[in-house]
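For reference, the structure discussed in these notes is given below.
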Amino acid sequence: MGDDSLYLGGEWQFNHFSKLTSSRPDAAFAEIQRTSLPEKSPLSSETRVDLCDDLAPVARQLAPREKLPLSSRRPAAVGAGLQNMGNTCYENASLQCLTYTLPLANYMLSREHSQTCQRPKCCMLCTMQAHITWALHSPGHVIQPSQALASGFHRGKQEDVHEFLMFTVDAMKKACLPGHKQVDHHSKDTTLIHQIFGGCWRSQIKCLHCHGISDTFDPYLDIALDIQAAQSVKQALEQLVKPEELNGENAYHCGLCLQRAPASNTLTLHTSAKVLILVLKRFSDVAGNKLAKNVQYPECLDMQPYMSQQNTGPLVYVLYAVLVHAGWSCHDGHYFSYVKAQEGQWYKMDDAEVTVCSITSVLSQQAYVLFYIQKSEWERHSESVSRGREPRALGAEDTDRRAKQGELKRDHPCLQAPELDEHLVERATQESTLDHWKFLQEQNKTKPEFNVGKVEGTLPPNALVIHQSKYKCGMKNHHPEQQSSLLNLSSTTRTDQESMNTGTLASLQGRTRRAKGKNKHSKRALLVCQ
């Protein structure tokens with residue numbers, strides 16, 4: 001922890017550091033710290049820190065600042081469900097949240113990285129590009145995530161979803177760096193991943209004896225919130241930025257007056273990330289026991305009260321993804337997520353199952369990780385997609401499909417993963433919308449891939465069930481160790497939503513240790529309720 005801050009173009013830029021952290025910044029680990037003596041009487045004036053002095057310039061800008069790539073190839077509707085390969089629900093839940101992170105997904109769909117990637121082996125950005133492209137262009141299907149996504153992390157048992165999330169983001173961050181060239185640590189803070197998820201804390205200590213002020217700046221990638229005494233995310237944020245009194249045994253050793261004196265320490269956000277990851281600290285560090293309590297979180301969150309500069313307008317974030325853990329310990333249970341598609345509809349992503357849900361249901365969960373995006377960023381990327389989804393003549397996809405497919409295959413060797421067979425790559429390159437997809441189903445009812453079934457007796461009269469294709473995506477060639485994990489459909493028992501699904505794909509066993517005996521259909525059912 002502790003990369004220097006950057007001063008570019010008259011504006012401070014603080015980005016993520018090389019070592020991930022979720023805790024409150026500690027001044028002892030920060031490199032940027034400036035103190036100043038009062039210009040007049042110690043009792044009558046306060047001197048601010050000038051952070052512009054002695055900062056190293058950026059030798060190389062690894063990604064354009066301020067403006068992230070936009071892509072018009074992103075479908076507005078929800079994409080594919082993900083196959084559980086045995087205790088991989090934590091991976092699936094994390095990947096779904098990243099897939100629906102607009103700045104990241106649009107960058108992946110633009111294929112900017114893979115067109116210039118020179119790594120001899122697969123990198124995480126190329127692997128994520130293939131996954132996101134495949135997932136977003138496979139509505140109504142269940143796909144199997146590449147094993148490369150969890151390479152070096154998955155050990156065949158339940159893992160913590162937050163740890164895997166940060167593992168993936170950190171791997172993407174490293175993939176942004178040129179592997180064969182030396183890059184200074186200032187330039188590392190200019191990567192695209194930093195620009196999406198990175199921000200910076202300011203820890204300001206004020207000596208109550210000489211009134212000197214010391215500012216320490218500490219980059220962050222996610223924000224951990226203590227919820228022991230908080231009933232809402234706003235209360236947890238207020239506690240986080242509440243001034244801390246340093247006196248008695250915790251008195252401050254002032255570097256200005258050279259005395260051990262009482263002081264106050266105030267933590268604020270100096271710069272806020274485009275995408276904000278809030279982690280609710282539900283698990284103990286030692287035993288892993290879970291704090292199961294309801295913590296309220298809003299659909300729209302104003303972060304301005306927690307910023308260093310208070311003279312600007314509201315800084316509004318909108319919720320777009322929620323990670324949920326069901327269980328009593330981080331060592332067992334089940335992970336699933338809720339995501340907001342480009343169309344504005346919320347969906348529950350539970351491994352292979354993708355179900356329409358309401359915002360009321362989303363806000364009533366015992367959330368573990370919350371994903372917010374700046375409202376301006378959401379609107380900017382949404383407008384780009386809306387402009388790119390112009391009507392196309394039927395069959396237009398067929399005329400340019402070969403060109404797009406060849407372009408995708410030439411991008412990078414990682415995009416030619418075994419599970420990305422010709423049929424799936426062909427699907428991944430099509431630009432589709434939910435309305436267009438429904439229209440195609442009406443025109444091709446004789447095709448076995450999709451069936452729009454009649455309303456079942458157990459569903460509301462205005463519900464629509466879209467059944468899973470008979471094609472088993474990603475399951476054509478099973479690994480030997482996976483063969484023993486296939487379940488017998490006749491022994492499958494499910495409750496609630498699972499009882500309404502009538503697909504034909506078998507799922508893999510062992511989403512978690514605790515739920516190892518509970519089987520799950522590997523079809524992908526889309527339930528639309530008004």
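Cβ atoms are placed via backbone N, Cα and C, with glycine included.
Copied over from Swiss-Prot:
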{"type": "ACT_SITE", "residues": "Cys89", "note": "active site, nucleophile"}
{"type": "ACT_SITE", "residues": "His334", "note": "active site, proton acceptor"}
{"type": "COMPBIAS", "residues": "382-392", "note": "compositional bias 'Basic and acidic residues'"}
{"type": "COMPBIAS", "residues": "398-412", "note": "compositional bias 'Basic and acidic residues'"}
{"type": "COMPBIAS", "residues": "498-510", "note": "compositional bias 'Polar residues'"}
{"type": "COMPBIAS", "residues": "511-524", "note": "compositional bias 'Basic residues'"}
{"type": "DOMAIN", "residues": "80-375", "note": "domain 'USP'"}
{"type": "REGION", "residues": "382-412", "note": "region 'Disordered'"}
{"type": "REGION", "residues": "491-524", "note": "region 'Disordered'"}
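Across the fold, the C-alpha of His334 (active site, proton acceptor) and the C-alpha of Cys89 (active site, nucleophile) stand 7 Å from each other. The residue listed as 'active site, nucleophile' carries a helical DSSP state (H, G or I).
Of all the Cβ atoms in the protein chains shown, 23 others lie within 10 Å of the Cβ of His334 (active site, proton acceptor). Cys89 (active site, nucleophile) has a Cβ environment of 28 other Cβ atoms inside 10 Å.
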